[in-house]
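**Student:** Before anything else, here's the structure in question.
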């Protein structure tokens, strides 16, 4: 296969609208495309694969690469193309060809600045497990393969908002293979979120489903991504406990972030969940996609029942699939937060892809110890994004209350190895042992960024700290799983070292708090780290974790701020955590590398001009710093005793990546700089996340009225101190940083909470001895209490306090007597108590206001005579409180009045300003006021107002005023001044120093300063632990009773839960030396403010905010790209910071874009924030150049950008003497302009306009066009009769204008349509704003035609010896078959184009008749420029439109912009709109033919998951289509219809195609619709009116359909391009065109043999036309959309449109696209016999036997199941039947599928048509009388691709069913029964035994396929019934084995005994024979050995003589006679003569 990895691209010069780029790659006319990525430097790293099959690469092979921009509304914009020759790869197939920075060409084939980077390689079968159609069904146990399949590496997430959005999930189930089980009836359950969908029940182990399920969502993306998808295959015939066959699970987030949001045609391994013996139990082929608004579903062109999938992909080389087990070692938890519950029973729940396991419940404790192991079985690849942990409260037998949650990203605890280029294999998931932080409570707002690597980070978890869990994760790969849950034993002792804790100290200095909304109450900040510092947690020591209460002050424009000035509050929090410094050091080093790279990249991206010299300088700086950072070694983890497996694996991964990046930076060249740097940054971001950062984040809460309002989360590692050095410390450790606060989710969405500027330090307290965060200032620690007094009878004292204590805190909630304070350990009292007012609380409410409205109400009462007299209290405020009289109200110092008191008359009052009412006791104030006097009214009042203005002061006075404010805020002792320091007021109102006549309450603040003791080795502020006041248990009982009843007057609306609020000291950092600065902001322009480029900005202006100061630019008129060209100057800015600290971390400058709505209200559009450039002098100062900065909206989405720059200059002593401002900035009318050094350069540009006409405008009479650009305007002539001809009488216009030389700075072009009405009135009826002019810039001298490229003709190469051997000995499966050419039609062309049915079609002339199938709209094909090459369509809107404003019309036109010489004598460039269609030819009458092919994946509308679609066409007033012609019960209808319409273009130009769902009773629902602009197709120069065929045929099935011949088309094309007409020779085989001669032989290597081709002249002209990039004969795929779900894909429709203008002659012939009708076939299957069938029954003699019968059916036609008779008592597994099965099917030969139409239910209105593959199912069964029949085996044959049967039993085996053989010269023979219509032989049957398939029998069959006609000619009956012929089947001769026992018992007994004990008898006989031989040998061996040893040689010379010693016989006395041997007379020599004599 050929693999192309598309890495990245660079689009230069950048487009004003952020492009959504993708790359399309063509190889051998097969197109593949990448996903869409936003940005000018997109990075894909996406792999595209083409299968070469048996066609290897040749020297002339090439790739065509096209870079496109997917713009809005289904249009795509061409960017550039290039061709990559593959000659080098063909010659060196083992190498990888890297193509870096490939320069793209434009339409004129000229180089552009856009580049693409990719690499190409060839992959062979032995190198990968991927085979056939990119489907993976197994993998080996190779470690590298397993790790690379774990999770998707380097995910790229696009930013999503937190508001609910429309989403859609689709799951299409194709088929299953190799499902385990016997005689199963599988059904697939698809669970999407909580909705379950079921397929139809099928039969067999390889079922075919082809069903699709939809699920729509309207959810927040965070919740949508968390939902799971579960696909389960169950056996519907089995019991519920044994029904599950296998399942597959994933989460939607994983699918959404996959390429194309889709898993396309993937084989899923099915496994049983948590089963110890479970393996892969089958495979399921599915397509899963998750789509959002605007996402396009991938088009699957293949047939669902295509048979290209070979059996070998189901066979793995070593193991079926990679199975692994994730073991979770759950140790313990700590610091669990139970909320309102005092105790809970904690249980830890772990969730992985929907599977959940829980630990055992523990006793109620906040530190539970579980010590358990939870085991999950996973399949590699594990298609999940994260692991969830939840600690639940199960105290009430229900685990519903969640204590806290955490999550782990699989991509962060594992690696696929994709981060590093090379052989790095990654590592499997592992974690810990380490702590995970639990969170709960309020959630943060959802945001995802491109830098994120996990969508679950800080998304679904809360903000509040809920404790930590101590866990460990281990991945094991083994064949058998352990128990799901078990207890830990020895592992606990190995992790005890994790419990060692160290004391950490956290110090935070608050420097400023600005950009706040208005708070009526006092605010304070709380800092916490875990539970430490949380005031509401009583389990921890009180710490100095909160600041003093402060008010918020108005800044003079929009926001408020906290007036800290030189007194900065400080908090100090101590905590105890384990030592993770070794881990944080590595993380901080990586963050330094990433941050410096990102900073340099942002600067690089902001330089839009490629000719800017700063571009290369910044690139060199980036490379230099990256090399320095990457060569810095990371702390080694191999020698770290506390490091775990994940630490070591990540250290290895990070180290190798840094080494690789350093080398790449060293070799990098200045090409595609932004894209290369973005790729490096992306790879760094992938390895940076540290999941084992067990330290919780630092939380800063903004609190008001004891409620947490807004928060900021600071990662602990960013402020952590490291003794290893500053590089290992956090980037903000001891440094000033800017923090933006956020509201929790769902709160405060309309305001900005605050912008904080803080300095933080976190570290081990032993390193804090010499802690000094700021370079100047001193720290003050003091205790505080307030003395309270009330006024009773004109005397101040404690008598009138009632519920308020004598001494309390600032809120009056707690008693704090001075005698109860005690110094904390390590500190002592420095002085005695002194009175020091908190002047921050006493600031004037009118500070920073330029004008104040004062009001006094004059009150009168009606006396007894009815006259009005002054009331008892004549002057009050609006609430009735007494105030001074009008004449006594004095103007404060520094203010003045312009007008005196006047009566306000602009509300419901009478002519004198009085309003009347009836007084209601006891207050006497009326509840309702009326403007008309009645006799019963008892009182009246009127409102007197006046405005006072602040005096304007000079520079010196301003400084003195600033010093006054500072001196007022300074803390000082008042005892020496004779003042007592009392503050007058109430807790509900503001306190002030001056008493008022109505004052009844006063208080004063007492301070006592603390001083640290002698040095203790740590910073003294970390010793401030515990409460300063005496605990309540130490107080007297009376005092305790008194404190219980204390109430702070009337303002205690929120009381704390614990009344014992701890008393802690307050810490302040005093900075007495201020520094003054001047800030210069240069603002030029804002653009790209709307993605759809519709709305204009009404009176926009920019507000610049810097700390507590803000200024605004001038307000402009309405504009889509407002240009201010203005400088904003802030003078005398006061900062209490060291200038070096300010230069290193300056405050942020905030630019806010505002506009006005129709009511005049200000609306915030977006903000842009960045730090200014700081200059501490003007020695090296230069102007800061303008840069583009993104505008961020309220939810974090970047939309729009602003061109600006800022610089902050310190006012040194020399600069203070200069007149402000210190820089010379030009000023005009009081407005500072941009300095000339940074203004864009202007140049004269020519703008040509081709104004074609107006469309779809109603109620206009004489419209005309008005164009405005850069202060210049142009008007066209009005259209005289708009209703008859909406085109302009003159189409081309020209004018010049001065524009910026840089295209990115071009001013917008405004197109207005002005209607001339009666009496000369002109009204603007429509407007379009074109602010993106870059596509219209052109080179006027370039040529506008495409050169003809001659094709490279292939030359047949001579066969080599290996080729000869291959062809000689390779047995092709189709070698012996005749060439099969079936009848071709238009559908054949479609299948040739989509690649379907390749095996079934073998048409010799296929190459002559090809068409192009586009998977998108024709307008979306990049090469055709949206069919708007002649004129573009601009939507017209109202003059002041809103977001939902409708389109009021369209303007069709085009623009060309190019430099124009200012010298009148210079040559003028040629006009661009010279050769265009004659405008007099329009309107035109046209004949339109609409060919509707089919629809794909329509949205279901009915309850059965289907719909009944029908088509309605609308064109002008014409409407075609009928609801009666609906297609019942289908989501993929095949229309095959042609509609013919007549229209008048352009009056009738919009063709609307609607699909409706037919409903019998209710109204029909619209499925979706699509609109085609016919005028664009008619006018386009790409010939879109009629696609160009590949061949010119005068007759035949593919007859030329255009109304013009190719030669005339070529003549018109040359005329359109301004070229001379082509000239043909007399014979027509040569052509002179555009200065070149072309011959027909250049395109045809040999004379064509196809008989229907036309003459040579036309063929040659057609060849030339096909090289010009014209629209070919095609089928386009259009997306359907519906108003019910805007932006969501509702399905696709494939179609094409032909347009024939009547002025060009009669139209061409129609194309017959009628759907193919299936042919009826009859399959006759004769079951002759079986053999070697398993025997499953026992006879009386324990003999195995079976009663065999055979069952068969066609797949999908299970209701027509047939079976043979029963062969009883088979003792050998042999059975004879002679039985005929007859099956009838409707078969589509071209699609290789059977078609069936039947009703699902009796009450169904229409039948449902289904297609399924032609498969024959044969099963062997054992017949039982009482119990269910036993299943013995199954055979499944695909009739279109089946193995050739064996001719004898011995050759029949399971190897026949394999598609590929192990040996290349012995392939398995495969046939199609539709071609070879009759076969006979043996086939194997198999049965599942355990988890493996084995041979269970063999069946001999004859399969015969007959057409319907042949079946009528040769009729036959089923079984053995009549007509029993062809052939005649006789009943088999079967002997009843049961009766044979009685007929020949001895014979049968011997047979039974021999059969049963055959082996035993043979063994016994052999044993007896061997035993007899051995016994005989043992018996004879001793004698033989003895004789052999002795060797006797016996020789006898004479016999032995016997002598009668008695002499005579005494017969009378026999008893006395004795016979003796005379041995004494003979010698031994007589016996042995050889013996020597004695």
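The first residue you see is number 1, and the count goes up from there.
Cβ coordinates are placed from backbone N, Cα and C, and glycine is handled just like the others.
Copied straight from Swiss-Prot:
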- 1-100: domain 'C2 1' (DOMAIN)
- 145-265: domain 'C2 2' (DOMAIN)
- 307-424: domain 'C2 3' (DOMAIN)
- 1055-1186: domain 'C2 4' (DOMAIN)
- 1225-1345: domain 'C2 5' (DOMAIN)
- 1467-1587: domain 'C2 6' (DOMAIN)
- 1502, 1557, 1559, 1565: Ca(2+) 2 binding site (BINDING)
- 1705-1853: domain 'C2 7' (DOMAIN)
- 1824, 1827, 1830: Ca(2+) 3 binding site (BINDING)
- 1961-1981: transmembrane segment (TRANSMEM)
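How buried are the listed features, and what sits near them?
**Tutor:** The average pLDDT computed for the domain 'C2 5' (1225-1345) is 86.
Spatially close to residue 1565 (Ca(2+) 2 binding site) yet at least six residues away along the chain are 1501, 1556, 1557, 1559, judged by Cβ distances under 8 angstroms.
All chains included, 17 other C-beta atoms sit within 10 angstroms of the C-beta of residue 1830 (Ca(2+) 3 binding site). Annotation note: residue 1830 (Ca(2+) 3 binding site) sits in a strand segment as assigned by DSSP.
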**Student:** When only pairs 6 or more apart in sequence are counted, do the domain 'C2 2' (145-265) and the domain 'C2 6' (1467-1587) reach 3 or more Cβ pairs under 8 Å?
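**Tutor:** Yes, the stretches contact each other.
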**Student:** Around the C-beta of residue 1557 (Ca(2+) 2 binding site), how many further C-beta atoms are within 10 angstroms, looking at every protein chain?
**Tutor:** 22
**Student:** In the same chain, outside 1824, 1827, 1830, whose C-beta lies within 8 angstroms of the Cβ mean position for the Ca(2+) 3 site?
**Tutor:** 1736, 1737, 1822, 1823, 1826, 1828, 1829
**Student:** Restricting to CB pairs under 8 Å, which listed stretch, 1-100, 307-424, 1055-1186, 1225-1345, is in contact most with the domain 'C2 7' (1705-1853)?
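**Tutor:** Answer is 307-424, with the largest number of Cβ pairs below 8 Å.
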**Student:** Roughly how many Å lie between the Cα atoms of residue 1827 (Ca(2+) 3 binding site) and residue 1502 (Ca(2+) 2 binding site), rounded to a whole value?
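**Tutor:** Computed Cα spacing between residue 1827 (Ca(2+) 3 binding site) and residue 1502 (Ca(2+) 2 binding site) is 42 Å.
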**Student:** Could you give me the DSSP helix, strand and coil counts for the domain 'C2 2' (145-265)?
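**Tutor:** Split into helix, strand and coil, the domain 'C2 2' (145-265) gives 21 helix, 56 strand, 44 coil.
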**Student:** Which chain-mates of residue 1502 (Ca(2+) 2 binding site) that are at least 6 residues away have a CB under 8 A from its CB, listed by sequence?
**Tutor:** 1508, 1557
**Student:** On the DSSP side of things, how many residues of the domain 'C2 1' (1-100) fall into helix, strand and coil, could you say?
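**Tutor:** For the domain 'C2 1' (1-100), the helix, strand and coil counts are 5 helix, 56 strand, 39 coil.
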**Student:** Sequence gap of 6 or more, Cβ distance under 8 Å: name the residues on the same chain that satisfy this around residue 1824 (Ca(2+) 3 binding site), in order along the sequence.
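**Tutor:** Residue 1824 (Ca(2+) 3 binding site) has long-range Cβ partners 1737, 1747, 1830.
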**Student:** Applying a 10 Å Cβ distance cut-off over all chains shown, what neighbour count does residue 1827 (Ca(2+) 3 binding site) have?
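**Tutor:** Excluding its own Cβ, the number within 10 Å is 6.
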**Student:** So, by DSSP, how many helix, strand and coil residues make up the domain 'C2 5' (1225-1345)?
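**Tutor:** Split into helix, strand and coil, the domain 'C2 5' (1225-1345) gives 12 helix, 58 strand, 51 coil.
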**Student:** Excluding 1502, 1557, 1559, 1565, please set out which residues of the same chain place their CB within 8 Å of the center of the CB atoms of the Ca(2+) 2 site, keeping sequence order.
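**Tutor:** Counting only non-site residues, the set is 1501, 1507, 1508, 1556, 1558, 1562, 1564.
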**Student:** Taking the Cβ of residue 1559 (Ca(2+) 2 binding site) as centre, how many other Cβ atoms lie within 10 Å?
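**Tutor:** For residue 1559 (Ca(2+) 2 binding site), the 10 Å Cβ neighbour count is 15.
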